[in-house]
Amino acid sequence: MKTLGKLIASKLIEVKAIKLQPNNPFTWASGWKAPIYCDNRKTLSYPQIRSLIKLELARVISETFGDVEAIAGVATGAIAQGALVADLLGLPFVYVRSSPKDHGLENLVEGELKPNSKVVVIEDLISTGGSSLKAAEAIRNFGCEVLGMVAVYTHGFPMAEQNFEKAEVKLVTLTDYDQVIEEALRTGYISAENVELLREWRKSPETWGI
């Protein structure tokens, strides 16, 4: 029987929410060369997978952050899934923009929360943690307490772990890079020869492929 992490990893690969191309790397917006591309929004188009992720995010939140009072989704990738989870848990929902609107009230946080609400932030993907932690900071600046963050997937970069620790934000994820590689190898999506390339990238993503 698959563990939850491997099950989620296999589903992300199945619907091509995660693509692995160690011999034909992608170029990220940051300029980094990467053997992986992740777009978890694709899971929203598949009801069974969408529901699985919703249920597991809700379960993890209930078990890890039992006194949660509200859910925040990080724009844009986690807005839909965050709203689904908030609905399942019967909790208020807001979402956090990457930058303020250029008109109106210039809000970073869209929606309403009671002051000092205990909030769990939902993210679809954790890379370095920079944008995710800005969202957590925005919730704190909104006058609320951030209990932690729950994400569908993380690359597992050491720098991300350090950033979350420094920001004092507890992070829990459903699956990660190692489990994606294991499932990709098991299903024949990648070859054994490619595994080392994939692991080398995670060690030094800034310089890999240059």
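Note that Cβ sites are derived from N, Cα and C of the backbone, with glycine treated the same way.
Summarising the annotation, Swiss-Prot assigns 5-phospho-alpha-D-ribose 1-diphosphate binding site to Arg97, Lys101, His103, Glu123, Asp124, Leu125, Ile126, Ser127, Thr128, Gly129, Gly130, Ser131. According to Swiss-Prot, the feature orotate binding site maps to Ser127, an assignment based on sequence analysis.
The secondary structure of Gly130 (5-phospho-alpha-D-ribose 1-diphosphate binding site), as reduced to three states from DSSP, is helical. Secondary structure at Arg97 (5-phospho-alpha-D-ribose 1-diphosphate binding site), as computed by DSSP, is coil. Classification of Asp124 (5-phospho-alpha-D-ribose 1-diphosphate binding site) by DSSP places it within a strand. Around Ser127 (orotate binding site), the C-beta neighbours below 8 angstroms that are at least 6 residues distant in the chain are His155, Phe157, Ala160. Sequence-distant contacts of Asp124 (5-phospho-alpha-D-ribose 1-diphosphate binding site), defined as residues of its own chain at least six apart whose C-beta falls under 8 angstroms from its C-beta, comprise Asn40, Arg41, Val74, Gly77, Ala78, Gln81, Ala151, Val152, Tyr153.
Applying an 8 A CB threshold to same-chain residues 6+ apart, the list for Gly130 (5-phospho-alpha-D-ribose 1-diphosphate binding site) reads Asn163.
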